[in-house]
């Protein structure tokens, strides 16, 4: 890709700008531009799309997104050390890359973007799950984004696509599968990164559905699954008792045995419970 965009290899960029990854920022840099291009392609045809990227670091994925035709990339970067490297990419792609220095958890990107919008990111490990839950649980749906193409630790990716009954099934699976079509599209070994993490990574592609699979208030559903899976080995009548004094009756009304555990309950039943809880007098 260096020959295409006229920019130097990422190892050279990192050395020149002293961009050693910081553990406290959850950084692991992907240096193979062939892999970053592959991740960009996993997001689909980016022509005519605005793209949000969180934690671009030295800009490997940023370059992939721009080379694959993204109309405009909004890169949100907390680490000030990366800004000069990203500015060089912006110069190579005039008018197509906007960099915001700040925390993605505190920034509203919508003022900077024009639909259609996609989110593509090698998320910092320490904020990835929190960002995903925010993107999955807005009050209004469809959301501002068409799709999410996100890299996580492989264990987290497997939790997003997990089915009831297994150890991986939990809050992420329920929230993701309620409103999106989610699938793992790539796995990457530790040695693909600098520094190499201790675990494999995976890219998950989530496409927003036109509407949720079953009706439920997102805040209530999030509260139900958070409580249920926070104490996943407990029976639901115990793990959810803090949500409502008549939780056993609400479970039965939703078709759920009060003695069941969260990992045994499917999406439809969780949504039924959330509806019942929202409608129940306190």
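Each residue, glycine too, has its Cβ placed from N, Cα and C.
In this structure, residue 77 (S-adenosyl-L-methionine binding site) is part of a beta strand by DSSP. Among the features that Swiss-Prot reports, S-adenosyl-L-methionine binding site is placed at 28, 30, 55, 77, 103, 122.
Under a cutoff of 8 A between CB atoms, and with a sequence separation of 6+ in the same chain, the neighbours of residue 103 (S-adenosyl-L-methionine binding site) are 76, 78.
In the three-state DSSP scheme, residue 55 (S-adenosyl-L-methionine binding site) is classed as coil. Around the Cβ of residue 122 (S-adenosyl-L-methionine binding site), 27 further Cβ atoms fall within 10 Å across all displayed protein chains.
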